Amino acid sequence: MEFRPDPELEAFRQTVRTFLREKLPVDLAHLSIGMFSPREAMSRWQAILHGQGWAAPSWPVDRGGTGWSVEQRLIFDDECSAAGTPTQDTFAQKLLGPVLNHFATPEQWQEHAPPILKGERKWCQGFSEPGAGSDLASLRTKAERRGDHYVVNGQKIWTTNAHRADWIFLLVRTDPEARKQAGISFLLVDMKTPGITVRPIWGIDGHHHLNEVFFDEVEVPAANLIGAENMGWSITKFLLNNEHAYTADLPLLKRYRGEMRRLAVTQSVGGTRLIDRPEVAHRIALFETELRAVEMMVQRTAALHGDQGHFAHAMGSMLKLRGTDLQQRMSVFMVELLGDSGAVADTQSTNDLAAEMFFRRASTIYGGSSEVQRGIVAKLMFGL
Amino acid sequence: MDFTLNTEQQLLSDSVARFIQTEYDFETRAKSVGSGDQRRASRWDTFAANGWLAAAVPGDLGGWGGTAVETAVISQQLGRALFAGPWLGSAVLATQVLIASGNQALIREWLPLLCDGSRRLALAYSEQGARGIAHIVETRATKDGATHRISGRKTLVLGGLGVDAFIVSARSDGAINDRNGVGLFLVAADAAGLSMTATKLHDGTEAADLAFEEVPATVISSNAADGLDGLEYGLSHAMLALCAELVGCMERSIEITAEYLRTRKQFGVPIGSFQSLQHRMADMVAEMELARSMLFAALASFENDDVATHRRVLDGAKTLITTAARNVCGQGIQLHGGIGMTEECAIGHYFKRAVVADALFGSSSLHEAACAAALQDELRAVHA
Ligand SMILES: Cc1cc2nc3c(=O)[nH]c(=O)nc-3n(C[C@H](O)[C@H](O)[C@H](O)COP(=O)(O)OP(=O)(O)OC[C@H]3O[C@@H](n4cnc5c(N)ncnc54)[C@H](O)[C@@H]3O)c2cc1C
């Protein structure tokens, strides 16, 4: 064991910092505390990254990516978060991207990867259905092969950003006879295809991120099937298993820390600044301690990258459990720090901490709920 | 000690429950919130006719002679339905502050009108830098011949839209934090120099922000003994009401969630058959019963103990119960999965109410600090 900072990584951090200082337009910075940047801002930022050759931090070099190590990517995310850049299209970069790079034919890759790299095409993820949430494999949206097309019928739900996306990657049932997991395929669908209807779902944070997506006799070229027919489940497992070190959303936690510090010195009670009240300082200090531990846990998980063992996988789940729990507790306390105004709904604000806090209830639901994660940990660690 | 409701209390509780059942289900509430209903205080006739507005008003003042227990019984039922009208702000807070102010002339003039529902008052006490703590007051009152003039700002006036007059705390002497020099004043809603903005809270309830510029006012009580003490006594009564409301919120969240666990199926079985979720429900109901017990402890102390003691118990109760409510209702969302994150599902609204409740009358951390200070005073006095 050895804890000296790695000079190469420190140099890398400086490079990223310099780039951000020089290339991040002022009007794109700090648009939102949460993870939803306006579509237009995302596209502009993606184009800037593309110009720098940094379009896909998590992709290999021969696929137009940076080929960075997990450690480098964490530094990149950290600096971007601190500088307040717009987000990249996570669905395209981290979920679909690896699938394209691994399973797509050269034609499919040529069709879909470049627009992602250039920020010209936004994606959404069509997995969940009303009857298939945690039990994803029970999904029923079906795709029937007719000639050189699939015809899709069914419904997806909780589709984040479906109303802002150009394309959707879908899990569909292609073999109704087969065992649950066996009859599923992975299909790419243009959202402009006739027969697709998107209906908004309003969230408790007062915003519209989620949607229901209905498919009524939607014709999809058979060329849009990724991998072989009925191979969708193994592709899904591959896709969901990729990003253990990111499950805690460390940059988000750091933004919360910054926000707490800001509130502690700008807000007051009866003329006393919050930071001068022991109970406030105490609580923030505890959160910062926990955050430091989470940060190291992220580094440990990053060091396990590529390791297919049980522990590496379980660490991803444990990190998500602890990280999302911390997200929720920190965001609740941020709202407490607002005092009276923490009760006021102000959905127009760009720094709407309460909306962020309400949205964070979802962190323990999406991406494998905490209950499901606990099940995974118990199984992987103890064979229970 | 007797934990069963007596005949009158039972009738009271039943009558509110009946009102909720027949006139105020979740859909009705959703429509009513944001339709201006709160400003018109529609349904106030029902509140008056059933005697709810008079339940905790002394018999010699034309009330039913009940205490904070009667208030709690009503509030708990209203909490189950997330009643959004001015019950807490007008019927509890303003009425109880007026009673505690000791100004016999004004009490005799106003109370009959408040009880029969023909007039409504709201209390304007909190300010930007006060965060719900009563003695932190910057708003000034200056004597002007036979009347007084008030200048300053008040925030988060509960039930403040559409009232006939405001009870306003203002300082005629001393610095922002002094306990001396705070008086209570009556200001007509249409008084010259008073301007009002409506603010919407997360749970859909509305409050008012008030700006006073040399606004003419009648003295209710000008010395600290009656002014601040009366204000704090009324606030204690309202805090008990809020705590009871939250117990009702928790009860209903738990019922709604239990019902969902029985009907929602994943993996071919009701999710309620998963032991992890059964245990979670058990923890939630245990936390709720602990919170209810704390409410009773606070009610007992309010009836039996001196002011310093009951205030300390109440500080603890506010913290414990708002924390429990945020936990229990937050878990309610968790056990619903994605559907719990939506505006149209009831469960999220219970969580929102719990968040708002924490911000009202001083947040958990402030009350925690007050408890700690009281403990320090006690032990230092004994072990000097
Ligand atoms: C904000 C948000 C964004 C989302 N974005 C997308 C998206 O872009 N694309 C997409 O496809 N999906 C998306 N989802 C859907 C998400 O993946 C599902 O909500 C999740 O899989 C849970 O499914 P469910 O909502 O049906 O809940 P359910 O599976 O019905 O779960 C209800 C409760 O039961 C528990 N539970 C379920 N099974 C078990 C078990 N075996 N043991 C113990 N407890 C169990 C759950 O943990 C939960 O507490 C999103 C969800 C949210 C909230």
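From the backbone N, Cα and C atoms, a Cβ is placed for every residue, glycine too.
Worth saying up front: this structure is predicted, and the values here are computed from it rather than measured.
Copied over from TrEMBL:
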| type | residues | note |
| --- | --- | --- |
| DOMAIN | B:7-117 | domain 'Acyl-CoA dehydrogenase/oxidase N-terminal' |
| DOMAIN | B:122-214 | domain 'Acyl-CoA oxidase/dehydrogenase middle' |
| DOMAIN | B:226-374 | domain 'Acyl-CoA dehydrogenase/oxidase C-terminal' |
DSSP-derived helix, strand and coil totals, residue by residue, for the domain 'Acyl-CoA oxidase/dehydrogenase middle' (B:122-214):
0 helix, 51 strand, 42 coil
Per-residue pLDDT averaged over the domain 'Acyl-CoA oxidase/dehydrogenase middle' (B:122-214) comes to what?
95
Checked against DSSP, the composition of the domain 'Acyl-CoA dehydrogenase/oxidase N-terminal' (B:7-117) is 80 helix, 0 strand, 31 coil
Would you list the DSSP helix, strand and coil counts for the residues of the domain 'Acyl-CoA dehydrogenase/oxidase C-terminal' (B:226-374)?
131 helix, 5 strand, 13 coil
